[in-house]
Structures are given as structure tokens and as C-alpha cells.
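> Starting off with a structure, shown below.
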Amino acid sequence: MSPLKQAQRLQQAATLIRQHHQIVAFTGAGISTESGIPDLNGIDQILKKSHKFAGDVFRFLDPEEVSADPSAFYQLYRQTFCQPEALPNRAHQALVQLEQANKLLGVVTMNVDYLHQTAGTRHVAEYWDDVRHNHCTICHHSYDWQKPSTSTVPTCPNCGGLILPDFVLRHLATYPDEIKYGQQMLAQADLLLIIGTRRPATSFRLNCPKIVINTSQSARDSLHESNTIYLSGKAAELLHDIVA
């Protein structure tokens, strides 16, 4: 995309944000890469280099595979999903700014990093829960994320069982209550921000205008909907520009 066309789209996106007051953000892994948390492409590369779990992210998050090699899982988990030292970036903060201005209804996220809440967003639907929630695989005692982040292979002091993140134990099953909450927000949206996700804008059956922010455009993005603005680049920079 030419710099001129990008500048025009940035201006159009900023105008849409000024004009709307029931905005909903749908976020994927791409919003957190500038916080040091890899997206799916980055995780794939880490897994392939490790030669563990056949380089497959779904096997990496399979509770049976994890239980068979918990040491390998936790070594890789701390390079990918579980990074308590990670901080929200300007993209997360821009959404907080919109919420504080009573323009953002909330965030629907596929991420497990908890960075939206850390930044200060109050209304967040987490389809897969987050890294804070962990349970013993035997006695089912719950633990916060500090236990898995600090122990080589965390085990339950009560029974010695392996502790795993809830989203792994559930085999990436979504939470019905969170799905319902997210759908309620989306149904009220008068503007949808789609940030850092591979999910195409056309999959959202909403009549409201949409702003899509991704690091690169796919072939399907060339088939633009008339009410959709596509922006290519880093989410932190672009969101900061159109919200400021």
C-alpha cells in the first residue's frame, strides 16, 4: 500500500472513531506481539526449532501430549504464552483510552495473556480464559499464574499432581458464558475494530463499519467490503494514531 493511501485510510479510520460511541474491539495475537508475546507464526517457529510436539501448536496445547512431556511443555510455555513480565503496549492503552471516553463497549479477545485487563480495560470477554487460571490435574486445586511461571515443572503441594493452565486442560475449548458475553457486545456495536487476527472481516455478520488492523494484508483483504477500512502495520502505532 502506498504511503498516501495508508494516510488516507488512517484519516478515515480516525473519523469513524470520532463519530461512533458503541465501539467493540475484537483482538487476536497480533495486538500483543509488541509486548513480546509471539503470535501464531512466532509460536510455530519456536516449536519447529525445539523439535518438540512435532512443531504443531495444537499438539503443544494437547493435555495428553503435555502430560507425557511436561518439562518440554513448560520450557516452551514460558517462551510463548506465559510471560508475567510482559506489559501492555500502546494498542492496549489506546483501547483503555476509548473505554474511558465512553466510546468503547468492550473487548472480545482470543488471547490468553490478560494484557487488556492489565492495561485497565474493564469489559473483556475472553473466549479461551487466560494464563492466570491453572489447576492440578489430580485434585483440581486452583493456582494463579505465579506458580507455573516460577517452577520448572509445577506440581501441586497437596497431592503432587501436575499443574496445567486451564485453557490447556480444556483442550482449547471456549467458555460458553464468555462467548455469550462477547456476542452481546458485538450485537450492540456501531463500529468494530478487528485487530491482530487472521479472522476475516466478512466472517462478522454485522452491518456496522469495520476497521481491520494487521501487519500484512492477505489476498482476501483485496475484496474489500464497502464499509471496511484495512490498515497495514503494527497495531500499537496505528491504534495510537487513530485514537489520539
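A Cβ is built for glycine as well, from the same backbone N, Cα and C atoms used for every other residue.
Copying in the features that TrEMBL gives for the protein in this structure:
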{"type": "BINDING", "residues": "Cys136, Cys139, Cys156, Cys159", "note": "Zn(2+) binding site"}
{"type": "DOMAIN", "residues": "3-244", "note": "domain 'Deacetylase sirtuin-type'"}
> The domain 'Deacetylase sirtuin-type' (3-244): mean pLDDT?
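Overall, the domain 'Deacetylase sirtuin-type' (3-244) comes to a mean pLDDT of 93.
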> Cys159 (Zn(2+) binding site) has how many other Cβ neighbours within 10 Å of its own Cβ?
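Other Cβ atoms found within 10 Å: 12.
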> Among Cys139, Cys156, all listed as binding-site residues, which has the most CB atoms within 10 Å of its CB?
Cys156
> Just counting, how many other CB atoms are there within 10 A of the CB of Cys136 (Zn(2+) binding site)?
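A count of 21.
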